[in-house]
Amino acid sequence: MNPALTRRNLALLYGSTFVTNIGHGAHTLAVSLLLYELTGSALMFGAVLSSEFIIALALQLFAGPLVDRGDPRRVMLFADFSRGAVIMACFAWLMLWPSAVPLLVSVVYLNLLKPFYRAANFALVPALVDDAALTRVNSLTGSFSQAGQLLGVALAGLVATLWGAEGAFLLDGLSFLLAAACLLGVRGARAERKVSNTASAWQALLEDWGEVAGLLRRQPGVAFHLLLASGDFLAVALINLTLVPLNQAHGGTPLHLSLLDGAFAVGSLIGALLAPGLLQRLSVTHAGLLGLAAQAAAFALLAAYAGPLPGSVVMFALGLANALSLTVFMSHLQRRSRGPIKGRIGSLRQMTLSLLGALVLPGVGWVLGRWGVESALLAAAGLMALYLVLLAVLSTRALFGPGLLTEPVRSQAPLPRGAAQA
């Protein structure tokens with residue numbers, strides 16, 4: 001691909017990712033705050049975040065095969081445009097007939113489309129750049145994603161304070177429409193497409209996942225890689241769950257909340273810039289261990305919260321560590337996936353995340369409601385420590401060794417005539 005076109009495509013992809021996640025972050029906080037204010041239940045606050053994982057779980061079965069057989073850019077474009085249109089309709093609904101119904105409609109629709117968007121995004125990035133650039137591009141994409149979500153949380157809090165929940169919904173809708181406009185400019189992606197041996201859609205679906213099941217039997221280390229790749233995303237969800245209660249428990253203002261959010265976002269972006277250079281000095285396994293250990297320590301330090309300024313330093317470090325380990329696990333999962341199997345691998349990662357999120361977030365929400373935010377943060381630290389131990393044990397030579405995160409995964413399915421497998 002022409003270098004100038006590649007740079008243009010990546011700039012548009014970064015912009016789209018950032019703006020899309022502003023919409024997600026704004027929507028998450030707007031809905032969570034409404035439920036928190038109406039019910040006063042921390043468990044309900046966690047249930048809103050976990051609903052995404054529950055709804056997404058079954059849809060991943062369809063999202064991955066659809067992406068592997070189609071155009072990931074078009075899937076992402078449809079997802080962003082339709083989500084923006086639906087949320088704008090919900091905004092109009094709220095203005096004309098105020099009720100909780102449009103709130104629920106927006107939650108369900110966003111979560112219905114999210115699995116397809118994420119599977120397509122996982123497949124699109126390797127179609128735009130070569131393997132050598134994946135680490136750098138993924139680190140920036142992941143950081144823009146998380147920074148956008150956290151900025152969305154901060155903006156939604158400000159907008160909701162000034163104009164109410166309706167204003168937050170307007171911010172959501174505009175964000176998704178702007179993200180779709182960015183994707184319109186992406187051109188020349190080299191996405192591989194899978195062809196089927198059957199005309200039946202259901203048989204094709206079984207064929208697609210049967211291939212993945214066979215792959216996991218031959219290479220069980222891939223299943224553990226998928227599990228490890230969920231930790232950083234769970235960490236962000238746990239931040240979203242605990243940050244507002246942490247700020248409220250210590251009498252913080254909206255400015256303090258924005259300071260904490262912004263520190264994580266800045267740390268994440270700087271971590272993305274530093275990660276490729278650090279990975280040249282450390283092995284893949286050691287970089288992952290460092291990122292997970294630092295996240296566990298940061299959550300534990302937040303439990304001993306000493307005010308917005310020290311807290312912001314910890315949030316900055318948490319963002320750095322999260323960007324590092326996210327880059328390690330995601331980039332090598334994409335890099336090891338060869339041929340038209342990336343969509344299904346991406347969906348399988350999301351299934352793993354959905355199952356864990358549906359279990360972990362309500363559990364931490366229950367801890368939050370029963371014993372307070374400090375205990376919830378210690379639970380988050382314990383979860384990151386479990387990921388750390390898992391990586392340390394699995395990467396020993398007695399088990400999988402260095403190949404745990406690097407052994408290639410190849411699709412055995414036929415490609416369209418004339419296509420070459422990566």
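Using the three backbone atoms N, Cα and C, a Cβ is placed for every residue, glycine included.
Taken from TrEMBL, the feature transmembrane segment applies to 12-36 (among others).
Feature annotation from TrEMBL assigns transmembrane segment to 42-63 (among others).
The transmembrane segment annotation in TrEMBL covers 169-186 (among others). Tertiary neighbourhood of the transmembrane segment (169-186): same-chain residues 8-9, 12-13, 15-17, 19-20, 22-23, 26-27, 30, 73, 76-77, 80-81, 83-85, 87-88, 90-91, 94, 102, 106, 124, 128, 152, 155-156, 159, selected by CB-CB distance under 8 Å and a gap of 6+ residues from either end.
Per TrEMBL, transmembrane segment is recorded for 222-243 (among others).
As annotated by TrEMBL, transmembrane segment applies to 255-275 (among others).
Residues annotated as transmembrane segment in TrEMBL: 287-306 (among others).
TrEMBL lists 312-330 (among others) with the feature transmembrane segment.
Residues annotated as transmembrane segment in TrEMBL: 351-369 (among others).
Remote same-chain residues near the transmembrane segment (375-394) are listed as 221, 224, 227-228, 231, 234-235, 238, 241-242, 245-246, 285, 288-289, 292-293, 295-300, 302-303, 360, 363-365, 367-368, 400, 404 (criterion: CB distance under 8 Å, separation of at least six residues from the stretch ends). Per TrEMBL, transmembrane segment is recorded for 375-394 (among others).
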Query = Do we see three or more Cβ pairs under 8 Å linking the transmembrane segment (312-330) and the transmembrane segment (287-306), pairs being at least 6 apart in sequence?
reply = yes
Request  = Establish whether the number of Cβ pairs under 8 Å between the transmembrane segment (351-369) and the transmembrane segment (222-243) reaches at least three, counting only pairs separated by 6 or more residues.
outcome  = yes
Query = Apart from its near flanks, which chain residues at least 6 from the ends of the transmembrane segment (222-243) lie with a Cβ under 8 angstroms of it?
reply = 25, 28-29, 32, 45-46, 49, 142, 146, 149-150, 153, 215-216, 257, 260-261, 264, 288, 291-292, 295, 299, 302, 318, 322, 325-326, 329-330, 332-333, 336, 345, 348-349, 352-353, 356-357, 360-361, 364-365, 368, 373, 376-377, 380, 383-384, 387, 390-391, 394, 400, 404-405, 407, 409
